[in-house]
Amino acid sequence: MSSPDNSSPSLRIPPWLRVKLPCSHTFADTRALVEGLGLNTVCNSAKCPNMFECFSSGTATFLILGNVCTRNCAFCNITPGHVSPPDPDEPRRVAEAAARLALRHVVVTSVTRDDLDDGGAAHFAATITRLRAALPAATVEVLIPDFRGDHAALRTVMAAAPHIVNHNVETPPAHYARIRPQADYRQSLELLRRVKAAGGVAKSGLMVGLGENDTEVEGVLADLADCGCDIVTVGQYMRPSRQHPPVERYVHPDTFESFAACGRGMGIPFVFSAPLVRSSYNAESAYNALCTLRRKPA
């Protein structure tokens, strides 16, 4: 597949990636509530381009287990370095924030904690349990690390019964040594297979603009379809700072639509593919759409 994309990292950000900042009291209120409870959000820590829209609608993706990571993925804006012990009160505060925001769909992610024996799985489980008790009508989505391939850690998370388990593969395997040097593509696929085998809703995602080509993206979609992924997100990589890898190409919206059609053709029920799509963006809509599809008669 060829695509009408701009492959020069020196050119300006195209107009379809320019975000209009909304004026909203809800944005300020959401941010104040989260910060007042001593919580982190991936929206702020990762400089997500959708933060203003999400905060203005009263939603957020909670970042647990601190805001310092034990890994140093090239694309990520979260600081690597020395980490602190998990805060045992954090699950309660996440649930309190979600309840005060009256969330219908709660997304929880974390930094990678290779220093912990279980990679933070028990902390995830405690957070899920607290959320389900505080908001029994809400759905809970977790975006988890790979737990270094620890199957017992994944079982701990699954036992807490999250509605969606998301684990992003991020980029095609040929680029892992440069972009995700401490991760393993096949290990990530195996995690997703195990989520499906346990009866869970499996979700994954990747970015484009990190040096991959369209054929490689289609290869990742094929792998995710083979894993049985229910939901896949594809979005544009945006360079957080000059210390991060430059954007290799800005992918045209038409090409994103082609990726979505390709993934659906491979059997993935929902592929959300657009320049500003991120793994947590419109997460509630994606889950509701999947539930609607499953209720339809064959």
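Using the three backbone atoms N, Cα and C, a Cβ is placed for every residue, glycine included.
Database features, via Swiss-Prot:
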type	residues	note
BINDING	CYS43, CYS48, CYS54, SER280	[4Fe-4S] cluster 1 binding site
DOMAIN	55-269	domain 'Radical SAM core'
BINDING	CYS69, CYS73, CYS76	[4Fe-4S] cluster 2 binding site
Between SER280 ([4Fe-4S] cluster 1 binding site) and CYS69 ([4Fe-4S] cluster 2 binding site): CA-CA distance (Å): 19
Rounded Cα-Cα span from SER280 ([4Fe-4S] cluster 1 binding site) to CYS76 ([4Fe-4S] cluster 2 binding site), Å: 15
Rounded Cα separation (Å) that holds between SER280 ([4Fe-4S] cluster 1 binding site) and CYS73 ([4Fe-4S] cluster 2 binding site): 19
Structural state of SER280 ([4Fe-4S] cluster 1 binding site), classified by DSSP into three states: coil
Fewest Cβ neighbours within 10 Å, where candidates are the binding-site residues CYS69, CYS73: CYS73
Neighbouring C-beta atoms (10 Å sphere around the C-beta of SER280 ([4Fe-4S] cluster 1 binding site)): 28
Overall pLDDT of the domain 'Radical SAM core' (55-269), taken as the mean: 94
